[in-house]
Structures are given as structure tokens and as C-alpha cells.
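**Student:** Quick one: the structure is below, and I'll ask about it shortly.
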Amino acid sequence: MYESVDVVGLTPSPNPFLSMDYYHQNRGCLIPDKGLVSGAARGFRNPHWSGSNHSVETQSTSSEEIVPSPPSPPPPPRVYKPCFVCQDKSSGYHYGVSACEGCKGFFRRSIQKNMVYTCHREKSCIINKVTRNRCQYCRLQKCLEVGMSKESVRNDRNKRKKDDKKQECLENYVLSPDTEKMIEQVRKAHQETFPSLCQLGKYTTNNSADHRVALDVDLWDKFSELSTKCIIKTVEFAKQLPGFTTLTIADQITLLKAACLDILILRICTRYTPDQDTMTFSDGLTLNRTQMHNAGFGPLTDLVFAFANQLLPLEMDDAETGLLSAICLLCGDRQDLEQSDKVDELQEPLLEALKIYVRNRRPHKPHMFPKMLMKITDLRSISAKGAERVITLKMEIPGSMPPLIQEMLENSEGLEGGGSKGAGGGGGGGGGKGAPPGSCSPSLSPSSAHSSPSAHSP
């Protein structure tokens, strides 16, 4: 190992290791325990080992080579207790308890968005891996019961806000060609199924324009006819969204039933004229607040008009309205979805597109994008009350509910399930029992929208 080592000033030392600096250190060359020094060195006769230079010949042997120790085996994967909420496989400790990714995300969204859920049973639903999406009220209560911390979510959110603010300065809000193409596709889908206010020839009616009544039958007949047409146009809009038709038919119907009223309310509120306090439908019919109440909106009227006023400062164009509608529709937290993960994957690029588009359009208003997203929560709240309004409306109208409006509300989240309140009809619709969740009903099926006799543009 060492062929010709000059030993300078050797002095005895108890140190068991060889000095690595043979030529410059004053410390002696120390002989190791395992006989590294050859016989020539062992025969060195001067027992004092002082001062003079000597040449010590050493020889290496295979037994003297340093063999590296084998690498330590990796530690075994950490095993967590099953999710405290649904007993699914846990991905770690989240917000204070062992939880799966699904329950972690559900709890975070619920707290961050201040979601208000309703249980339409007895507030004692069993929450497990299979049933966790059926009642969001009971699922949230279970999260809190097992110890999930709201404060942890808020702290996490504040940390993310700070990180996002730092990152925002570095981000370059440039639309990629694919994103531009998608925005144009959504804009076109919105414009083809919802003409803007400036394209309409307005007309009015004198029916019950001065005072509120329980229901004006003539206004209701006209309103329900227009609502049916608007539902069909909403289905056509959905069919043109990127990836929507790649979902199962059952999921397409589930999403349409859950979000249709959200989209209808958003659309009609973009046709609000604040100076006259009126709203205009797709055939040009323009109703004031009193007439909207009498046409069937009832106690929902003031909520809808307040929401319309809140939209005014946002000054949304067709692309933004279309993107926000698409985000409402493609929402993976709707109950009874077969492929909720795939729905979330379709929503993600829409969120990114809206973020970049809004920032480019308003470079000096960085908070406009989150303000728009918050409107989805408002829409869901109004939709939930709209679904409740339908129940009373069915008892007020002289005849039966139009079939498409009633079908749209069958098994909707706002009426039957305990889901996030996002279902409803076009200002009127029927509750009642219907087809099983996910069943393919012919008139709501996206594949039959074009064949409907009412599918012409309103």
C-alpha cells in the first residue's frame, strides 16, 4: 500500500491511525495494529527512533485493502393509521389527524371557501370510503369530530398567500398557444349559446309591473318557456367545452344537473341594466325587479339582483363569463361522479386560463381573479335557495312543471343529496323522485340536445 515512505522524526505515539501528511507533519508515523510495516521495518535496530531520516519499505497485501461497507438499507415506508374520517388509506397527517388525500382536500376547500352544506336526512349519515361523497354536511362534521383543525387550514392558507405573493412578482403572465386556443373555444361556445345584451332587441310587458304578487300566470308561462330553451342552450355550451364529451354520459348528466342553475343565474345577471333595474332574456324580453318576482323568482329575486350588482365592478367579457361558467360546470366535488379526478383534470387548465387572461386584461388589478372565483360560492348559495324555491313553486303554478325543468332537478344536489349546493333549474323546476343518479335521461343527455324541437336559439 505504501511503497517508499520517508519517516521523519519518528516518535512513539499511542494513536492507532496513520498520519496522512507524511512529509510536513511533525507527528510520528504510527504503526497500525494489523502489521502494515514489512519485515525490513520490523528489523530496524535503533530502538530510540530519533531524528535521522530512514527509508522504510512497506508492502501491500490484499488483506490490507480497505473494503467499503455495504450501503445501509433504505428505511421501511412509513405506515399511517387509516383515514380517521373515511377509513381509506391515509397519505399522512393533515390538519392534525391521519387522513387520505380526498378528505384532506375536501376539508381544506370547505374551510377556505366557507362552504355551507345541508344534510337532507337526519344529520347522522355514515361516512366511509364508499359513502363519503353522498353527504358533504356529515362528512365535514366528521372531519371536525375526529380533530381536523380549521386553524391549521387558515395558517396554511396564509403561508400560501405569502408564497404566492412572492411568486407573483416572478411569474410571466403569457398565454401559450394552447391556452389561447382553449380560451377562444370557450368564448365561441359561450357566444353561440348566449347572445350578448347589445345583440338583442329589447321588448317589455306591462304585466304586473307595479306591485308584487304571489305569481303572475302569464309571466310564468313565458318565463318557463324561456327557461326550457336556456337549459338546452346550456347543454349545447357544455358539449363544446374541451374534454366534456370524453366523460361518461352519467357524469355529463350529473354535472349538468348540478351546475345548470349556477350557469343560468350567472348568464342572466350579465344582462342586468342597473339604471333601469331590469334583466333581459335571450329573446329580448326585459323584466323589472317586480316582474321577475311575479314570474316565479319569488323570494329569490332580491338575491339574484344583488348578485348582478356585485358582478358589475368585475366588468367581465364573454371569455371570462364563458370560462367561469365552464369552471362551475367541470367541478370534481359534485356528488355521485364516477370520475371526479378526471373532472378536476379538465377544470385545472380552465382555472389557469382564466387567471392569466384576467391578469393580462387588468395588469394593475391582481386581485380580480380571486374575486371572480369567489362568485362561484355565491352562485352555489343562490342555487341552493333556488332549488328550495322550486318546491314551493310547484304548488303555486296552475299546471305541471315543464318536463325539462323538472328533469333537470331530479336527484339534484340542492334537493336530494347533502352536497354542496350547486343544483337547480332555470328559475323554476320540479323536485321529486327521478331516475337513479347517473342514469341517462333522454332529454338531458348531451347527445340528444340538438335533436330537441326546442333547441333553436331563443
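Using the three backbone atoms N, Cα and C, a Cβ is placed for every residue, glycine included.
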**Student:** Pick from 119-138, 199-218, 279-298: which range does Swiss-Prot record as zinc finger?
**Tutor:** 119-138
**Student:** Of the residue ranges 34-42, 223-231, 376-384, 403-411, which one carries the motif '9aaTAD' annotation in Swiss-Prot?
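**Tutor:** Based on what Swiss-Prot states, motif '9aaTAD' spans 403-411.
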**Student:** Which numbers of helix, strand and coil residues does DSSP report for the DNA-binding region (80-155)?
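**Tutor:** Computed counts for the DNA-binding region (80-155) are 28 helix, 8 strand, 40 coil.
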